[in-house]
Amino acid sequence: MTDSVVTRFAPSPTGFLHIGGARTALFNWLYAKKRGGKMLLRIEDTDRERSTEPAIAAILDGLKWLELDWDDDVIYQFSRAARHREVAEQLLACGKAYRCYATAEELAAMREKARAEGRTRLYDGMWRDRDPGEAPGGMKPTIRLKAPQTGETVIEDQVQGRVVWQNENLDDLVLLRGDGNPTYMLAVVVDDHDMGVTHVIRGDDHLINAARQKQIYDALGWDIPNMSHIPLIHGPDGSKLSKRHGALGVDAYRAMGYLPAALRNYLVRLGWSHGDQEIFSTQEMIDAFDLPAIGRSAARFDFAKLENLNGHYIRHAEDGALVAQFESVLDYVPGGAELKAKLNDTTRAQLLRAMPSLKERAKTLIELISGADFIFADRPLQIEPKASALLTPDTRALIGQLRTALEAVTDWRAETTESAMRNFAEQNNLKLGAVAQPLRVALTGRTTSPGIFDVLAVLGREECLARLGDQAAT
Ligand code: GLU
């Protein structure tokens, strides 16, 4: 029987779910789904000072928005501290760990000396083989791993390949602090083991930790999970990802009007490829995803690409689904509450009718909202300055005539209003544009909008006649 795959996403709730974390979660999710396994979620809240409730809430919320569901209950690392202590004691009991009574001053001096001698191993092993009987009274010791001092520690990484460390360069790391709190390094190993994690997929900033963790696994006689350390995301110029380049929380992407499916598609291609395929449905992603296909060099974040992809997803989305996305993003954008208050059966139906034309022009939900402004505008409309300049007395008179011509249309559709307007233009020796532009100004308050006959159809007869009446010369 082969063991089923268990991956985990293990964010530290010291900040919001940032874009790199979201990609790590996605890779873990995809791998678990592909293998019919589970993705677990562990909140690494051992750092009590820097972990916050709002950050935990934002991580859960961000994952839900991205539709990356985890299996089983969320595991909070801090709640497992007693178990971490137990394992440290176990290592102590079998001679794989020892109590260290070095003072802060002694440790500082060791570090200084190691630096001066250009060594990466900082701790000199002063309590490694010393008789605990010599321990100074009244001092709470740390527990350190009795790490091997010769030989190599090797990680066979799915992404990085075989990575080798010389043990002489690695410290006897602290497992339990003087105050009895487990270190992060110990907690991760014990949790991954107890949770039955088979595959660790995380950022390559944790590669060195993998070596340290491997030594703990070895001391415990446990198998190390299969490791994949994925390159971090950099800015478009190859530098560290900055806010300007997209180092933002997932919530910021929601507020910028990206669709979760588009963001997932963008993220999966960030460091992973499958031939030259760019667009992946969720199922295609699951089927094609694999760890060795992740590249070794840093991926570059490209806003323009994300925006184009989002435009693709918007154009191909179902109209009803877009109305739902439109509604849900209103909670996160400036002015959204005001628009939300105007959503009712009528405006929802208008929005749905407008969607085929709106979605052709929008790369984000924000652009979609802006395109749909005309639906929610209160009468009399506020006319944009550029549009207002067109409202000369002649134009206002023309708008009055157009209103009269449209009033005669009873079967109100894009086609019937269009033919009424074409007839009017012909009879009055006007080009269609000379009719369409005043209509647009009066109906939307702008000089650009979706196709004007779509606007007429979306707003409906009564509202159109009223808006035209507002601008017509009396
Ligand atoms: N908590 C760590 C982080 O947020 C991840 C640790 C791990 O994946 O092993 O960077």
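Note: Cβ is positioned from N, Cα and C throughout, glycine not excepted.
In TrEMBL, annotation is done automatically, which means it is predicted and not curated.
The feature ATP binding site is assigned by TrEMBL to LYS243. Listed in sequence order, the same-chain residues six or more apart from LYS243 (ATP binding site) with CB atoms under 8 A from its CB number zero; the list is none.
Residues or ranges marked as domain 'Glutamyl/glutaminyl-tRNA synthetase class Ib catalytic' in TrEMBL: 5-307.
Per TrEMBL, domain 'Aminoacyl-tRNA synthetase class I anticodon-binding' is recorded for 339-469.
Long-range contacts of the motif ''HIGH' region' (11-21) within the same chain: residues 43-45, 47, 50-52, 55-56, 58-59, 62-63, 203, 232-233, 241, 246-251, 253, 267, 301, each at least 6 residues beyond the stretch ends and with a Cβ under 8 Å from a Cβ of the stretch. Residues or ranges marked as motif ''HIGH' region' in TrEMBL: 11-21.
Residues or ranges marked as motif ''KMSKS' region' by TrEMBL: 240-244. Mean pLDDT of the predicted structure over the motif ''KMSKS' region' (240-244): 79.
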